[in-house]
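TrEMBL annotations:
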{"type": "TRANSMEM", "residues": "B:27-53", "note": "transmembrane segment"}
{"type": "DOMAIN", "residues": "B:86-301", "note": "domain 'ABC transmembrane type-1'"}
{"type": "TRANSMEM", "residues": "B:89-111", "note": "transmembrane segment"}
{"type": "TRANSMEM", "residues": "B:123-143", "note": "transmembrane segment"}
{"type": "TRANSMEM", "residues": "B:172-197", "note": "transmembrane segment"}
{"type": "TRANSMEM", "residues": "B:218-243", "note": "transmembrane segment"}
{"type": "TRANSMEM", "residues": "B:278-301", "note": "transmembrane segment"}
Amino acid sequence: MDNVIRRRTLGARLGRAMLYAVLLLAALFYLLPLAVMLITSVKPLAEITPGTLLSLPREPTLVPWVKAWGEACTGMRCEGIGVYFFNSIAIVVPAVLISTAIGALNGYALTKWRFKGSELLFALMLFGCFIPFQVVLLPMAQTLGWLGLSSSRAGLILVHVIFGIAFTTLFFRNFYVAVPTELVSAAKLDGAGFFRIFWRILLPVSAPIIVVSVIWQFTQIWNDFLFGVAFSAHNTQPVTVALNNLVNTSTGAREYNVDMAAAMIAALPTLIVYVLAGKYFVRGLTAGSVKG
Amino acid sequence: MSLSSSAARPTAGSTARRSHSGLLQAWLPKLVLAPSAAISLFFVYGFMLWTFVLSLTNSRMLPSYEFVGFAQYARLMANDRWWVASTNLVVFGGLFVAICLALGLVLAILLDQRIRQEGALRTIYLYPMALSFIVTGVVWKWLLNPGLGIQAMVRSWGFENFRFDWLVDPDMAVYTLVIAAVWQASGFVMALFLAGLRGIDDSILKAAQLDGASLPRIYWRVVIPCLRPVVFSAVMILSHIAIKSFDLVVALTGGGPGYASDLPATFMYAHAFTRAQIGLGSASAMLMLGGVLAILIPYLYSELRSRRHG
């Protein structure tokens, strides 16, 4: 008896050790690319060819970061990706705010002011979440031309708002469905209007879903490449397009450390948001995919 | 409550105004939704129709409206590059979905064993999902670079004959896309499964344990069948990501060597925007839409039905 228990605990211990070993191995797999990116980005170019991916820099340097930010060539121009980083910010901030505001109002109207056909309308709008954007690229290019917004930041903002509201509406609609209707009905009986009820009853409880929506839209738009590459010119490109150009520019020797520094710069904003607000990020990802 | 103060003073003259504003109030929700409905109608449904119309024309550099029937689709079917792209999508999508599911499920089950530092591990597994596919592509291009990446590193450890040059091998390039995409998305699938596992009623597990079932058996016979809805959603989301994959291909392989690792999304972009084949590009976009619909319609159908019942 005693023996059996001892063997079991030994086996269990071995099992636990295996368990942790596998989990740590998996963690290494996910961390390795980030580690390599970071190490390479602070390595002098002279150390790259003789060294290996994981050899630590003997003389760490921030020169690649400085170069990536302000000097590296992206296509014809050599002004780094800093300019494009600010392009991305100028596109992302208004697009996120506008699409979130519209989504909040839509979700509110769809749940607290139901009318005949409102569910159908929601289903029709939801479809916009799923289409492959290739199917709208060509008409969009032409429409932006007609609007005089070709290759402009305003045009990109418009595109991101248009194709973002399907998601933000979904978020707010699913959130507001769970907000008790009694309070809203009482306020309606008291004669409070549409916007007043929204402002005084719904908005004060909306903080979590606003965070989810803002983070989702921020990540989506910051990471967008397709719209960015299709609808921008050299001076309005977002940072993802600039990064791709930088890496594929074939003038002179490949500066891998600068490439990695540029990739880090492009990745940092969404990474920081993820680290600071991971919980909300996950909630946005799983919204609509896991019921309840 | 201050809400009621303004409206709770009905005076003689206000009744008419009230019914007037009542009419406005009844219309306000619709007015608020109208722009979004119009946008959706024009920019989603209208554009889909528009692209379909373009796919029936002989448009090349500029849209023309000279109809040629389904000739572009016939050209597409006869186009070798399109077949390479479609076959690649099946290979890439199939492996990507399968590996993400397997890896995500295993990691979720292992993480669900009361692990210390679970939060930290979860954060590490999931962070790639926050990155742009362009960043992912750039990093993996560096890792998979035969001369300087993993191959060179392993060789420097003494394994002189180690070969890992898939990135430059036309037969293998598509698998590099799988590696990078799995790296990016499997943590997300793990999160989905973990949420599913946490949602399973403990009493079911306890009953199975009392019956003397072993742990692997409990997982195989009881837990995993409970996760079927999660598997379903994960497959939807992942295949959707696979069909839309564009950035990753552009950044990692550029569709190459040659067009060996093209996917429909890059095929469409190349023909519509750089090769002046708008008609052909539109036809390929319509087929992509068809692919998405084939996955989406059963999904939406079951979602809406369960919502109505639940």
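Using N, Cα and C of the backbone, Cβ positions are placed for all residues, glycine too.
Just so you know, TrEMBL annotations never went through curation; they're auto-generated.
Sequence-distant contacts of the transmembrane segment (B:123-143) (same chain, six or more residues past either end, CB-CB distance under 8 Å): 107, 149-150, 167, 176, 179-181, 183-188, 190-191, 245-253. Ranked by the number of CB pairs under 8 Å to the transmembrane segment (B:278-301), the listed stretches B:27-53, B:89-111, B:172-197, B:218-243 are led by B:218-243. Where the transmembrane segment (B:218-243) meets the stretches B:27-53, B:89-111, B:172-197, the count of C-beta pairs under 8 angstroms peaks at B:89-111.
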